[in-house]
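The structure is given below, and queries will be raised subsequently.
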């Protein structure tokens, strides 16, 4: 007997066309039109991890190309030139000193925005290990800055930062120029690392196929697990700092649990999940 | 140009009316000829060299900051500024090469051959800034000098001699010149000025600036303690004079010395490269990198060799794990040393820099280098010099950054707040810090600009 079900026309993909599954794709930290580099995408269940990545204050690495001699309205080399200045007095030595000063100010900001009481021994312990990171809202802070290449008028900076926008980085190039009593524009912003996702593992245009994407997801499965764990650690570190906050949080949690307990139990019963209380 | 763009769009099949563009569309780059028309500005010439600047902060009512408008405001509406919590630029006519902060007063020195080499400001009740003639009465001297005022030295060759270093104590000051020795002024009740003690001498309004004699070779460094003075000669021997009740003169007794006497004890025959003191404890660093100490030990400064509270003769301090010491600095109750690798070790009593829990230590504790800016981006940052005020520390790294920690007495740390600082904190100064002088409640920083 023939299996008539399997011979239905609908089962042939040449008849119906390729079948698409609806998959949610989310974007991690944004990259604006002028910049290039690593862009983290989350597929399906990975979108939840993306949220953790955003909250976890991982640092990002950028390579900034700059050019001395002109100032434009949007801090890039394609903008309208506002002013042109000389730059022959700029040496690598002076540039390094300016970068050291900027880095110093940012290190200070890093500790100040960490919302930790600096008069406690715990604050000292965290500061020694370099674990003081800005919690909650903070302005963009550079955790590392150095000059990779210097060939006047062109120069390249490597920046490690937290909570930044690409426009801020272009403005940084402009400010470096101002400190050196000249003007500078940014001719390229390239993100080389976003948290644990490095540019070496990023997929280029030729590799945007299902096979390589699946491989990449498998490669990063450890990293995604780490991010989830890191988020929980950061939460506990934040709780160390203020008892009052913890009490309020537990009270809020208790209230939530009370109001939604009936709903929770019904959800658990239907879906069969095991949750911790 | 505009007409061309309409034609190309027309090829794509869009319906465009005949719109005449008055301006260039946004985003298109200008043509080459227009770019070269903009003028080129020059802000810095080719031969511009970095300038030296002086920054001051701390308690201003004594006039020690040298800014009169903080004490006596220019206009009636302004209020006097009691504490200057962040670095403030002090305008000086000459480039200041050496500065020293005493207890409520400051001395600034320039190593030029001009006639005015020394400026003083602050408390002058014991004539520690020399005789500052008042405007109204030429026989009277100001008790408080609010602005940097020239201090006159009785030099034999004022147009040849240069001032190398200044040092200030509680109520006296020492000036070191390159060819005419050491001059002292101020209170001499304990012989700290190196001259014979005169009973019931009135120090206010005194004209006496004494040239100290009694050294067998040229003096290379001077250090002022609270009421005693230490001198280091080029042969490496240390001389001391002044109050000795805590044994801080190191002469083996606890009485006053009114003229410099060579210090013996463990220092006999040792070549010393640096002496340090500010309170009642004194330290000397030999050329071999060993540390000798004497004086007050109530706060465990010398607890590595003695359980007594005073030591009147220098003893070698066996500091474990410190290595070769390059520089030492003494405060009122705490001590810091810097070794050849650029690491800072602290001990004593007070806020030592390792959190609020560590308030006293008898053995040297290393301050972690991460506080001084060492990270993966800058793995080779080292501390290049350390200084001590009465209750705080200051460290300068080789990248020109200034770090302070300790008790924030009347805003002397310069970090913008009145709170004490339990670990090293950066002071934001616009430039590269080359030297810093710490006092009781104020500090002076000598800064070089970047451009």
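Backbone N, Cα and C atoms are what each Cβ position is placed from, and that goes for glycine too.
As annotated in TrEMBL:
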type	residues	note
DOMAIN	B:51-332	domain 'RCC1-like'
REPEAT	B:52-112	repeat 'RCC1'
REPEAT	B:116-179	repeat 'RCC1'
REPEAT	B:180-235	repeat 'RCC1'
REPEAT	B:236-288	repeat 'RCC1'
REPEAT	B:289-341	repeat 'RCC1'
REPEAT	B:342-399	repeat 'RCC1'
REPEAT	B:400-449	repeat 'RCC1'
Among B:52-112, B:236-288, B:289-341, point out the range having the most Cβ pairs under 8 angstroms from the repeat 'RCC1' (B:400-449).
B:52-112
Treating G and I as helix alongside H, and B as strand alongside E, what does DSSP give for the repeat 'RCC1' (B:236-288) in helix, strand and coil?
3 helix, 23 strand, 27 coil
List the helix, strand and coil residue totals of the repeat 'RCC1' (B:289-341) as derived from DSSP.
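Computed counts for the repeat 'RCC1' (B:289-341) are 0 helix, 26 strand, 27 coil.
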DSSP helix, strand and coil counts for the repeat 'RCC1' (B:116-179)?
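DSSP classes over the repeat 'RCC1' (B:116-179) add up to 0 helix, 27 strand, 37 coil.
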